[in-house]
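> Below is a structure I'd like to ask you about.
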Amino acid sequence: MMMNNHFFHLVKHSPWPILVALNLINLILGVVKLVYNNSFFFFFFFTTVLIVSQWWRDIIRESLYEGSRSLKINYIIGAGMIFFIVSEVWLFVSFFWMYFYFSLSPDMNLGSVWPPYNMIQMSFMDIPMLNTLILLMSGFFVTWTHYELTMNKFSNVTSSLIMSILLGFYFLMIQSYEYLNSNLSFNDSVFGNSFFILTGFHGLHVMIGLIFLSFMMIQLIKKSFSLMNFHGFEYSIWYWHFVDVVWLCLYLSIYWWSM
């Protein structure tokens, strides 16, 4: 393999970025179709997972087997992950802006009250509180896994990471149960719109975080980590804690403050 006289990694030609971009466009269209009980979303979500898995496979090979990751490159990738999370933060800021815009100054069509009349919402001490505890416990277990890795204690690493992933799936199951048993629908004024947009997009990010953590678990089981290339696991932890913080904001604003 040729040695480079610089600290940077020139990526090879890859079909995965353009395929991911095209699938993400279809995924957004699938979200719109999902409102009308269409199943296109799940098909494109599955194909996106397949393409991303191939892309991450190539990245892992470059890092683990080809030695294409210097410290400077890892810093640059870490900065890119931070910018990505910041862009996700602003996405949710726009949704919260919409929510507080309508809730702090309710329109006359809503009866000038928030929540509008006849909007029966689930108590914040019921399923939402349970979901909050589950997601916080999942964040605790993934942080504990990282701590065990850095301390070179490998006895409980896999089990704690599996527990974190299972709690994430349990969160999605309970969220689905809440949707099925809720008295709200997407067409119930702007209150129903904002409720399902905020919680739905958060659920989508939980799915992405679970995929991220699942790939890290496969790497952990295959013993594909080293002192130089477990940065992907750290990035997955950053993303998972971002999901935790967004849910806490959702819980305090939609469930607790609205009540």
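Heads up, the Cβ atoms here are built off N, Cα and C, so glycines get one too.
Where the annotation comes from TrEMBL, it is an automatic prediction and has not been curated.
According to TrEMBL, the protein has these features:
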- 4-259: domain 'Heme-copper oxidase subunit III family profile' (DOMAIN)
- 16-34: transmembrane segment (TRANSMEM)
- 40-56: transmembrane segment (TRANSMEM)
- 76-100: transmembrane segment (TRANSMEM)
- 120-142: transmembrane segment (TRANSMEM)
- 154-174: transmembrane segment (TRANSMEM)
- 194-216: transmembrane segment (TRANSMEM)
- 237-257: transmembrane segment (TRANSMEM)
> State, in range form, which of 16-34, 76-100, 120-142, 194-216 has the highest count of Cβ pairs under 8 Å to the transmembrane segment (237-257).
120-142
> Just to confirm my parser: what is the rounded mean pLDDT across the domain 'Heme-copper oxidase subunit III family profile' (4-259)?
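The average pLDDT of the model in the domain 'Heme-copper oxidase subunit III family profile' (4-259) works out to 82.
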